[in-house]
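J.: Handing you this structure, nothing more for now.
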Amino acid sequence: MYKTRITTLGLSIWFICAFFYALEYFVRSSTGALLDDFMKEPYNLTIASTALFSSSFYWSYIISQIPAGIIVDKFGVKKVMIVSSAIFSVAMLIATIAHSESMLLAYRILAGFGGGFAILCAIKSIAIWLPNRFFPAFTGLTQFVLYIGATLSAAPLVFLSEYLSISEIMALIFVISFILLLFSIFVIKTHPDYKKENKHNNKQSQTLKDILAVLKNKQIWFNGLFCFTIYGTTVLFADLWGIRYLTLYGFSQSQAGLCTSLIFIGMYL
């Protein structure tokens, strides 16, 4: 392990990656709070097109997970964070100027693909820059930061949407994502010991065999199925349909947003 104590640089690198993870989740689940606005001018989305538009984030996110671990191991946290946050920033720029369903789809697809690397960069930064004994604690803190972003995407975003349009909200997120890109360029460093170890590991790496070994492991499939039934169903409700569902039962938009935020608060507690 590279560090025997926690350093300011190590904490900074971890937090940048964890913040990116929270930001992409905020964007991922923001559709639920903005659903009614997406059905108005200039977007005029239907329920069906909204479902397609929202789910496109997840499809590109899933695709990015397949090579993400290999890419982060090969190129390191700094390079991957720069490229992925740049893709995410472009996505938010498109969202700022979007006025059609096709542009919204492009924004969601790019945001999902770019944001898909955030969690692995956060985990890798913990492994590289922080002492081994703190790995479980900071992994938990990463999830805590994530759910803060998720909580903000419900009730607070509903409140914000009463004063700002979707394009203005997306412009604000673009500015934040661009600042994140600058931090990735100028703050994140590549640990010199990691370069040496990564070069050694690359010589011994048998990527295809490693992937096949994972795919043949029944416990991984069982664990994945269990996580899907628990986490997947919760996210399906909280990310998109929760607020609209509750408003159909007489809740106000703000009350429905608060109830959805409480789901995420319960998850990170």
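Even glycines carry a Cβ here, placed using N, Cα and C.
The following feature annotations were taken from TrEMBL:
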DOMAIN    10-269  domain 'Major facilitator superfamily (MFS) profile'
TRANSMEM  7-27  transmembrane segment
TRANSMEM  47-68  transmembrane segment
TRANSMEM  80-99  transmembrane segment
TRANSMEM  105-123  transmembrane segment
TRANSMEM  144-163  transmembrane segment
TRANSMEM  169-188  transmembrane segment
TRANSMEM  220-243  transmembrane segment
J.: As a test: from 7-27, 80-99, 105-123, 169-188, 220-243, pick the stretch that has the greatest number of Cβ pairs under 8 Å with the transmembrane segment (144-163).
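T.: Maximum Cβ contact count belongs to 7-27.
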J.: So, does the transmembrane segment (105-123) come close enough to the transmembrane segment (47-68) to give 3+ Cβ pairs below 8 Å, pairs being at least 6 apart in sequence?
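T.: Result for the transmembrane segment (47-68) with the transmembrane segment (105-123) is yes.
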J.: Within the same chain, where does the transmembrane segment (7-27) have neighbours whose Cβ lies under 8 angstroms from its own Cβ atoms, ignoring anything closer than 6 residues to its ends? I mean 6 or more beyond.
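T.: Answer is 57, 77, 81, 84-85, 88, 92, 111, 114-116, 118-119, 121-122, 124-126, 129-130, 138, 141-142, 145-150, 152-153, 157, 173, 176-177, 180, 183-184, 187-189.
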